[in-house]
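K.L.:
Per TrEMBL, DNA-binding region is recorded for 130-225. Marked as domain 'Response regulatory' by TrEMBL: 2-115. The feature domain 'OmpR/PhoB-type' is assigned by TrEMBL to 130-225. Annotation source TrEMBL lists 4-aspartylphosphate at Asp51.
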Amino acid sequence: MQILVVEDDESVAAGVLEGLTRAGFQARHVADGAGALAAVRSSSPDFVLLDLGLPDMDGTDVCRSIRSLTMTPIIVVSARDEEIDRVLALELGADDYLVKPFGMRELIARIRAVARRTADPQSGTAPPADGTRVIGTLSIDQRSRRVLVDGAEIHLTAKEFELLYYLAEDPGAVCQRSDILRAVWDGTWYGTTKTLDAHVAAIRKKLGDPRWIEAVRGVGFRLDVPG
């Protein structure tokens, strides 16, 4: 797997490159947004690790631009720890968000988990034979990974799709947070459940009506037709 590391701090980049190489990955480093976009266009990396604090442009703009070019998985690696930063990155197409400082074992586990989800669309769920789930005006096609709302297609990240597809397995039923994390994050999530809330917020915004996904206090989430 070829991984593009977009990081302006040379010492951080050196440590990440060394850790990735030891883990058996091929890694390349660029230090700014322009270099990242050029590398994505020219070499088509299998994975992108993206810092947000770049010298020439904001990392969120880079994330948006990369996602407009390719569905290559993106993990944002940033010192920004506010919920709004995580939600924005996920809305713009990031597949995961890791806050600095971090350990290499956690980073590699995240990379492998995202790679499994994007390589295996089922992600541990058992879809119907035709791969499509329809809830009211919401249609989720597992095979093509297309989501339509009122006939209009919306674009989700790999993890957002798996989360929505999991909730659609039993419309109207409450899915517990712990069950969602085990199914969608494949048992590799090391942090708090705030990342789940951030993904739900991103999906709600893309669906156009937050009532599609209801939060059940102290339990989890339920997907159902807005009433």
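Yeah, the Cβs are placed from backbone N, Cα and C, and that goes for glycine too.
Small disclaimer: the values here were computed from a predicted structure and weren't measured.
Situate these features within the shown structure.
P.N.:
With DSSP classes pooled into helix, strand and coil, the tally for the domain 'Response regulatory' (2-115) is 56 helix, 25 strand, 33 coil.
The DSSP breakdown of the domain 'OmpR/PhoB-type' (130-225), given as helix, strand and coil counts, is 35 helix, 26 strand, 35 coil.
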